[in-house]
Every structure is written in C-alpha cells, then in structure tokens.
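Annotated in TrEMBL:
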- 62-79: transmembrane segment (TRANSMEM)
- 91-110: transmembrane segment (TRANSMEM)
- 117-134: transmembrane segment (TRANSMEM)
- 146-168: transmembrane segment (TRANSMEM)
- 175-196: transmembrane segment (TRANSMEM)
- 216-237: transmembrane segment (TRANSMEM)
- 267-287: transmembrane segment (TRANSMEM)
- 293-310: transmembrane segment (TRANSMEM)
- 315-335: transmembrane segment (TRANSMEM)
- 347-363: transmembrane segment (TRANSMEM)
C-alpha cells in the first residue's frame, strides 16, 4: 500500500465508522463520515516529498519528539559537562525501562477508550507472589529465577483478565473497576507480606537483569528487554489485525461490532495484555531493586498514564502509537534528571510535568475539534455536489 493511498482509505473506513487498515499516525479520528471526494483532494494536495513532509510534521508524536529534543538541548547548554554524557543518559534510560513496559499495556488500553489505574498495584502484587515462590524454592540459580518470572507474569495476566471481564461482561466502567483492583491488589500484597518488603532475590536475577549490562557493552539489560517488548508490541499494534481491532474499538465500538469485531473478547484481551505488562514489570522491578517495594509504586499508574497521553494517545480513544509513548516517557524523565543536575527545586519538577500533560491534552482536544470541523465541511461539500448534479 502506498503512502499516498492511505488518506483515501482512512476516509472510506471512517465513512462506516471503523478504523482504517492503515496504521494511524497520531491524527484524531472522527466518527462521522468523511467525503471521499474531499479525501481524494487531500491525496492530490499531499503528493510528493513536500506533502510527505507536511504529513510528518502534523503527526502529534513527531511534534512531541521536537519538544523532547528542545528540552534535551536546553539542559545540554545549561550543564554541558554532566547532562549530555552517556553515563547520565544511561541512568535516564534505565530509569524509564520499567515504566516503558507498563506503557505498552496502557497505550493499548487508552486507545480503546479505557483506563487502567491498577497497574502499579498489580506490579507490586505480582512481584510479591514471585518473591514468595522464589523464597520458598530457595537457591540463587536460573531455575528459581525462571519460576519467579513465570509466576509474576501469570499473576499479572489473571488480574488483567479479571479487570477485562468486569469491564466487558459486567459493563462496569474501567475507571471504577481498575480503581477497585488498585486497592485490592495492593491490599492483598500487604496482607501476604505483613506490610514488610521481601528482600530475598536470586543473585542471577539481580546481577544479570536488574543492574547488569549486555555482555561487552555498558547498555543495561533491563533496557534492552524493554526495547524488545516495545518493538514487538509496536508491530502488533500497527501491523496486525489485533492492532486494527484495537483502533476500531476505540474509534467506534458499535461500528466495530457491526463489522464483526468481537468487542467484548477483544477488551478482555486488551486488559489481559495490560496485566501481562504489569506482571513483567513486577519481576523487572524485583530484579532492579532487589525488594518488593510495596510502598514505592503509589504514583506509578498516574506517571504511565501521563506519559502515554503526553505521547499523543487520545483519552477519547482511537488514536495512539507506541513511538509516541516512548517519547512521552522520556519527557518527564529528562525534565526530572535535568532539574536535579541544574539544581532546580524538586517541586518544580512536578509543576513542569503537569504543565506538559495539560498542554498535551489541550492539543488533542484542539485537533479533535479541527477534525470535526473538517468533517462537517466535507459533508456540506458533498451535499452541495449532489444537489448540483440533480
């Protein structure tokens, strides 16, 4: 499929209220029909290198990338000897690795117009159960570590399926369901441990994954694991039917049902995926910090949601990219790191991150309003054309 054919295909799909086969680029989708004639005129006006450049610049994730680069340049100028060094950037990359894993599941969830507030608590619960299993097995070898990894993943998936069933089958709003499981998962973790962190982690897990590097390099192993997961689920989101259905459900759930998408089953799978990522993050956190850190994940869910939204994923559903989420994760991470290095008081870090989040949501709303106006204009033009033909 050529790039020039993508706008026309998007217009045709939107006319029946379903996401197009072409992967979204971060532009807002409208549920109303779009004139095919208007879409074809858009194709003609955007042919060639100039048109491609204009389309790239319009993509919200690209605009957010420019913001990230600008922030990086500013701190590099303010602290040239400490900020832009590999050792500092390595620290930043390592710090966002676990959030990146959580961001994968959250991106899928928000694209479907959902939300998952429970991921931080599910991370803790999965890590606690994994730690208990490894503690019971004893030993510092890979056998014990692999058992812990599998247990953590299974725990995360089960919580995700539980969320999905309540949302898809019982029709309880995602906000209420995941707010409940946020408290439930964390409460169970505290009951199981008596509120005391478990600090026994197999040595191979901590040294090879937690704070180890890829052999022969200074690249953190945990960051490579996160990158591999981001690439895999980025391809799934943008190149497979599962990803297409995800966008379709978020764009217009009823239209997706009419064309054969099993929406309830898909939503359960989406929340299971979010739980899977929380389970993965649970074992990675256990490896990195060598403790369950029960009280250390209270703001994790909100941090991930903020990063996903900053990266261009719309809270209204139907729009989002894994690339945008990656960029959205690095903006607060770079801000926090840069503020520390330049000696800015800590509370200004939260002010800056909050401001970026508000601006990102405002831009999303403006784009949706512009798309709605363009849709109405296209419909009026098509009506006028039919009247003239008559």
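The backbone N, Cα and C atoms fix where each Cβ goes, and this holds for glycine too.
Residues of the same chain lying 6 or more positions beyond the ends of the transmembrane segment (91-110) and with a Cβ under 8 Å from any Cβ of it are 116, 119-120, 123, 160, 174, 220, 222-223, 225-227, 229-230, 233, 237, 246, 270-271, 273-278, 280-281, 284-285, 288, 300, 303-305, 307-309, 311, 313-315, 317, 320-322, 325-326, 328-330, 333-334, 337. Between the transmembrane segment (315-335) and the stretches 62-79, 146-168, 216-237, Cβ pairs under 8 Å are most numerous for 62-79. Across 146-168, 175-196, 216-237, 267-287, 347-363, stretch 347-363 shows the highest tally of CB pairs under 8 A with the transmembrane segment (62-79). At the 8 Å Cβ cutoff, the transmembrane segment (267-287) and the transmembrane segment (146-168) share at least 3 close pairs (sequence separation 6 or more) and count as touching. Proximity of distant same-chain residues to the transmembrane segment (347-363), defined by a Cβ-Cβ separation under 8 Å and at least 6 residues beyond the stretch ends, is recorded for 60, 63-64, 67, 306, 309-312, 315, 328, 331-332, 335-336, 339.
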